[in-house]
Amino acid sequence: MKSNLENFNFQTSIREQVVPSRKKVILPAWLEVAKPRLIPLLLATTLGGMALTEEWPLSSPKLICTLGGGALAAAAAGALNCLWEMDLDKRMKRTSNRALPSGKLSFNTVFLGAVSCTFAAAMLLISGVNYLAAGLTLLGLCSYVILYTIILKPRTTQNIVFGGVAGAIPPLVGASAATGHVGLSGWWLFGLVMLWTPAHFWALAILLKDDYASVGIPMLPSVKGSAFTVKAISRYGWATVFMSILGVFALPEGGLLYVIMLLPFNGRLLQLINRLKSSPDDLEKAKGLFRWSILYMFGICLLLLISRTQLSVDFEQQSMQIFLSLKAYFNI
């Protein structure tokens, strides 16, 4: 009995540390419903989509309008998600103190705010960017609220696999903002985010599987268990690594430096996945993988931006010159 109690306390403490800022930083109620912690990564992948185009860097006004519109749309999506799941949040201890279930904000107030943010995002993107970027942004919003939150999340363990399309749309927005269309490079980053999402989210779901099970949400770890989930994480992790390497062909230039700098990111991701495979119920290892997966995607986007600098281009040219010199020297 004592060991079970100690194990419960350990798991509870780990769950409370997954996103420690929820404990340490009290957000204003109106900001909390916008889920601001999710927005920076969405904007990072938007920048990544831009960096894959020949038109990078964009003019400052277009860049600001794209990122501003994306942030407003993401805030609207977060608020609408909170509205739909308000009753669900009331039943979960972890979420019962959120702004809506606790009564800090009313349904009408949040709904009005979400509609206002959606309208502002559309106007900003239409006037400052183009119709395609605006349409894709609204498609991402609807995908998150309707496809994932309403349709898939309460019905299938594969909810995040197909619902992950919402989080993968920002690279398409970035590419379309830069060029007016979505090329193959933009679709590459879309695919990378789609493959990365299950491994990223299921690591978090392992930590919260009891919470999801208590309210009947069929997250994969809650239904199939941690061991089964970690095997799925491993498959998606390897697919993510393979897809990330293909980025060398997606970049207009600077791909050599990208693929070299990519190695430690992929190595660390696979290392953490293998550690979790050895102990699927180890919440510390699940937490470590979840946190690194966030840094991983930020890192990928940063590498894409670095690869478009003159330094990266010069490195690639000098490397090619060295290769050709060695080839001539050895008569290859």
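Every residue gets a Cβ built from N, Cα and C, even glycine.
Here Swiss-Prot gives transmembrane segment for one range in the set 160-180, 223-243: that range is 160-180. With respect to Cβ pairs under 8 Å, the transmembrane segment (188-208) is most closely packed against 160-180, considering the stretches 63-83, 109-129, 160-180. Here the transmembrane segment (160-180) touches the transmembrane segment (132-152). Their Cβ atoms form 3 or more pairs under 8 Å, with each pair 6 or more residues apart.
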